[in-house]
Structures are given as structure tokens and as C-alpha cells.
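First the structure, in the form of C-alpha cells, and then the observations on it.
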Amino acid sequence: MIVPDAENAVDLPPAVVARLCDRRAGIGGDGLLHVVRSAAHPEARHMADEAEWFMDYRNADGSVAEMCGNGVRVFARYLEHAGHVTAGRLAVATRGGVKHVHLDKDGSVTVAMGRAVLAEAGVTVTVDGRSWPARNVNMGNPHAVAFVEDLDHAGNLFTEPPYEPAAVYPDGVNIEFVADRGPRHVAMRVHERGAAETRSCGTGACAVAVATARRDGADPAETGTPVTYTVDVLGGTLVITEHPDGQIDMTGPAVIVAEGTVDPAWLG
């Protein structure tokens, strides 16, 4: 969901965001993209010289998030749709730093997602009596990547699967369950922190690609050759490429499907 607000004039407390994202009583969504000029937002003013626009991203429960990879793609597509930018390259400010984006003429969007940080401390994730070790990957937000034989083993993902030790992720974590589909091809399901299961997670797909590459013995920093993985999510397919310098590119579609207005009185 996108809320255009160039001058940061709209008050969006957590309760309002949660109402908007409610799939039964509101509009419905996995999260909210608040579109603000960087110079108008106190968290983004220091990035205004590099990126005109700030993606103020909120989870579906109203909590603030550092970054959303799919959100950046949609954010860039909206800027083009609204006439703020044209196809080509642009920069988007996020709480996870400035992200560089390329709007392709074929409708796909490529985002330079930065580098992954792989920590030694991992966790064990448990669902319905089954347990798996999960790799700790940070993409500007935290991820725990667990490899499973069958994605159905992840359960319903309505609530966050328990993990130990909990102290590894004091602020919560996005948990990905990953199954192989072929050479450099995997499928994933994800429980997103603050949103439950979602149909896609861009930073999660990047974390999954990096964790899978290391599991497979592939490290572009050592070989000098980029590594590309296809990652199937419930909502489609993302292509993730990790370069020898550690930079990660994510490519996928982004489509504006509807527009409308909300009565301010309804927001309370």
C-alpha cells in the first residue's frame, strides 16, 4: 500500500497503519509505503543530497521497519507512475541507507540491495516438533534462513515460529524456510517480523540466495565470478545476483494495480 505525502504532512501512528493494512476492516496489505521527500523527513534529511525521495516503510502492525526490498521496487514504480521520475536509474532513501534502483522498460525493477552480513551466531527454528538450524543473515534487517525438505513443514506461519536462543534477535527476525527446486533455484516461504506470512520478501530472497550459495560452496568474493539464484516466492519469482564485491542485485516485477482515496474521518 502506498501513501503519497511529499511534504510529510500526514500523521501515520501505528494504529492508523494497522487499520489501513487490516485485510477485513481496512484496505489490506503486508505493509505501507509512505512516500516522502527526504528533505521533509527528520530520519532522511541527511540523505537528501543523494536521494530526493524517502521510503518511510511500516509493517502491517504499524511498526517501523528498516528496509523492504519488494517495497523499494514498488516505491520506484510509483515514482515513475506519478511522474516524479522516468525510466532509468534513481536513488531511494531508506532507514537501511540509500538504495540504487534501475527501472527497466520491460516492467522489471532492479534494486542494488547492498551487502549481506553473515553472522556466526545462528538459531534453531522449531515448527510442529521439527527443528532446523537457521543461518543468520543481515540485509539491513535481520533474517534467519532454514533449509527444509518440504515448504509445508513450515506450518501455517500465522504466528512467528519459535527459535532459540531468542537473544540472537532481540528485536525479532524475519524467518525464511527454503527448499531446493533445481541448480541455483530455490523456493521459499517467509514469516515477516510484524506482518506474519507474506507472499514475498525482497530482503529475505537476498538472504536466502546468499545463505544457499554458501551452503553450496559458492562465494563470489573468492571466485571473482557473480552468482545468480532464482528464488520462487508465493507471489512470483525474483532473480538475485551476488557480485564479487559483495553487492547484491534483486530483479523482479512491480505493478500499480489500483488507486483511491480514504476518508480522513475513518482514520480516527
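Cβ coordinates are placed from backbone N, Cα and C, and glycine is handled just like the others.
Any TrEMBL annotation is an automated prediction that lacks curation.
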Binding-site annotation, TrEMBL, substrate: partner of G69, N70, N141, N174, E192, R193, G202, T203 in N59, N156: N59
Max pairwise CA distance, angstrom, over record-listed substrate binders N59, G69, N70, N141, N174, E192, R193, G202, T203: 15
The one of C68, C201 whose CB sees the fewest other CB atoms within 10 Å, among these active-site residues: C68
DSSP three-state assignment (helix, strand or coil) for N174 (substrate binding site): strand
Mapped DSSP class for C201 (active site, proton acceptor), helix or strand or coil: coil
